[in-house]
Structures are given as structure tokens and as C-alpha cells.
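*Asks:* Under the heading transmembrane segment, TrEMBL lists 6-30, 42-67, 87-111, 123-147, 179-207, 219-242.
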Amino acid sequence: MLLSDWALIAYALYVPLLITIYLLELMAIFRHKKTSFNSSFYNIFIVLAAVNVTACVVATFVFRLPLYPIVNRFYASLTTESDWLTAAYVGCYYLNCLSEFLGVFLAFNRFTALYFPARHHHFWRWAFIVGLGICLIVSIAPVAYLFHYSTMFFEFNRPFIGFNVYYLVPDANERLASIWINMLLVSIVCNSLSSLLYGACLIRLCLFSIRRNQIAERNLFLVGLLTMIFSLPYMTAMLPWLTDLKYLTPAPMLLLTNSSIRRVI
């Protein structure tokens, strides 16, 4: 077997495991939502989990599997222009943007919980829907222009690795570099905003006493902070395993820091 085949086997082991953790957490949250998980944090986490799992699955089909010779022969039949391939290509980048903006949304949720605890619950009754709508709409801007270009899989010969690979790219090659720049800018802006919000939360936790639900709020803060930290390497290189790190680490982070989740799973 080739080294790349072993990489695919490793992927086939750890990614389904992490997605299963996500699904177990979501079922637990829905099952006990009125009692243990009625915080607005969990509403955002539900949406973020759905986006991250979908992004991981779509990106696997579009970007990962075409690189492995053990499975990529299927892509030889997808070397003609197709609207659904264009939708899948744009969808990958759209979901990435949406995940980034939801990360900022989650950080803002933790900020209001720590600085305005008395008004936090009432504020998020309407802020959740409004903020989610903003995230859904704003995420379109960096990727909308890609719909104007046809997309197909191209086969590339890689003699130095001993096999051919496939890449899904638009028919205008300059668009490929442009979307990478857009993704980098989105990541920088979103992670900068999240860093400021989490920095303010950390100051609040260190300098002031939180009288109500101190441990719970601290743990939810840790989930958001660690989720942001694990997404940072994706800015340096859009590699498959860094994508997994970004999309799938919120699941184990919530499991490790939240005893209520562990108790009901």
C-alpha cells in the first residue's frame, strides 16, 4: 500500500469517530434542552455543529478523496462542466466562511454572558435569530462571484508521487488564487474579532467574581476559546488535516469541559 492509502485509512478512522461525538452531543442537547441545555450557547453550538459536520463531509468529497488513488478513479467521470459541482465547490468555501462568522458569534455570546449576565438571557432571545441571519448573509459575499464560473475536475499527473490526482477548480485559474485570499482575509478578520472578545472574557474571569454559574460559564468560555485556537493553523495552510482540526475539535472540547454533557451521553 502507498503512504497516501494509510493516510486515507487514518482519516476513515478518526473523522467518523469525531462526527459520532458531535451527533451524540446534539442528541443529548435536544433531549435535555428544556432542563440542562437551555442556554443560548447551545443554540449556537447546534448550528455550528451542523455547519462543521456538513463542511467536513462536502470538503471530503470535493478536496480530499480526489487526492487518493485508492478511491479517486471515480472522479474520472466528473471531468466535464457541471452546475452541481460548481455548487459543491462554492458550498465548501461558503460553509468555511459561515463557520468562521459563527465562531465570532459564539465569542460574542460568551462576552455578553460574562459582562451582562442579568440581561444576557433576554438579549439572546432575539439576538440569536438576528445574528444567525447576519452570519448566513455575510458569508455569501466572499464566495458569490464563484457562481459565474464553470467548475469541473481536472486530472493532474504527479510522477514524483507515482499516481495521478484530481482537483476541482473553476475554468478561470485566477479565481483559485482569489478565493484563497478571500478565505485568508475572512479567517484573519474573524479570529481577530474572536481574540478580542475572548481576551475581554479572560480579563473578566481573572479580575472579577462571577456569582452565578461561575464554573459553567468558565467551561463554556473554554469551549469557545479552544475552538478558536484550534482553527488558527488553518489560516497558515489549507491542508486536509488542518481542516479537520478546525471543523471537528469543538465536539471533543465540549465533551472534555462539560460534565453535564458527559453525564447524559
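Here the Cβ of each residue, glycine as well, is placed from N, Cα and C on the backbone.
Curation plays no part in TrEMBL annotations; they are all automatic predictions.
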*Asks:* Tell me, please, if the transmembrane segment (219-242) and the transmembrane segment (123-147) are in contact, taking contact as 3+ Cβ pairs under 8 Å between residues separated by 6 or more positions?
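*Replies:* Between the transmembrane segment (123-147) and the transmembrane segment (219-242), which are separate recorded stretches, there is no contact, as judged by 3 or more close Cβ pairs.
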*Asks:* Could you tell me what the rest of the chain brings near the transmembrane segment (42-67), counting residues at least six beyond its ends with Cβ under 8 Å?
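*Replies:* Beyond its ends, the transmembrane segment (42-67) has Cβ neighbours at 4, 8, 11, 15, 19, 22-23, 25-26, 29-30, 33, 74-75, 88-89, 91-92, 95-96, 98-99, 102-103, 105-106, 109, 124, 128, 132, 153, 165-168, 223, 240, 243-244, 246-248, 250-251, 254.
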*Asks:* Residue list, the transmembrane segment (179-207) vs rest of chain: Cβ under 8 Å, 6 or more residues beyond ends.
*Replies:* 93, 96-97, 100-101, 103-104, 106-108, 110-111, 114-115, 142-143, 146, 218, 221, 224-225, 228, 231-232, 234-235, 238
*Asks:* Six or more residues out from either end of the transmembrane segment (87-111), which same-chain residues have a Cβ under 8 Å from its Cβ atoms?
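*Replies:* Apart from its flanks, the transmembrane segment (87-111) reaches 40-41, 44-45, 47-48, 51-52, 54-55, 58-59, 61-63, 124, 131-132, 134-136, 138-140, 142-143, 146-147, 151, 168, 170, 179, 182-183, 186-187, 190-191, 193-194, 197-198, 200-201, 217, 220-221, 224, 227-228, 231, 246-247.
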